[in-house]
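Structure, as structure tokens:
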């Protein structure tokens, strides 16, 4: 078990891509990691030691986004070839192609029920797709420049999108209307996502800043800096931490409860283009311009903290039990002493009375 606030450690290197790694995502069961690259290939890495990796070929241009479905049986990928592909890893090489965008597709993400996909594109649109029917459903069209990223909220009621028009937009999925537009971005916004509770949203971009808004108040509550543009970030499932990857070649780990930077990691040679926590938060991945995918052990996460707390509570409980046992024993001794004292006092008082009576 990791102790509280141990340093994160680099566990493994995955080498197989022939160009920069642009995106990565963990299988919800944590046994696999998917990555996409400028080399146009999708790789699925098995995390077991010495296990095989699988290469999926089909896109005709750079892969820009990848995500496993919540059920783990599908993988979605987006590409500059204007398409989205839906892969079934168990049927290696088989994919369904989604076409509706008229320019490069920059990101793809599943809804949390796995029924829909949302994509962002250089055609200035956000599009929603049906996974079951494998078709385009509707488009959201108020961005005035390239849309870099789009994500569903955890409850599926809101879509967040961001782009080169320097805005983060929030869309109501039932009315298809833009319900909020956050304009605090200092430059092109490259990435956006919700925390796991859906109460906060974060965006990052070319201004080297990661910004976090509270959606209950629509106020900017935190911001953090890199020394160059931020390409990607990922919330820890506890919502207590964020990791970010930047063109400055570093990964930063931020403690959101204390509002401070706790680690700066150097593992890639060149820009860090993508970062992602596993669903459990115990490991995270990073991909970079050096064509590598790195797997890191978190160590500092709240799960380890909770484990430590549980052990301390267990020890405290044992101590309390022993203390109670000891107090119970001491209480019995006191009772015996009191009883003995009472008997002696009674015997003494009886002797006096006899003496008086005899007088």
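Note: Cβ is positioned from N, Cα and C throughout, glycine not excepted.
What TrEMBL annotates here:
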REPEAT    14-47  repeat 'WD'
REPEAT    56-87  repeat 'WD'
REPEAT    98-131  repeat 'WD'
REPEAT    140-181  repeat 'WD'
REPEAT    192-223  repeat 'WD'
REPEAT    223-264  repeat 'WD'
REPEAT    265-306  repeat 'WD'
REGION    338-359  region 'Disordered'
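Across 14-47, 56-87, 98-131, 140-181, 192-223, the stretch most heavily in contact with the repeat 'WD' (265-306), judged by Cβ pairs under 8 Å, is 14-47. Helix, strand and coil counts from DSSP across the repeat 'WD' (265-306) read 5 helix, 19 strand, 18 coil.
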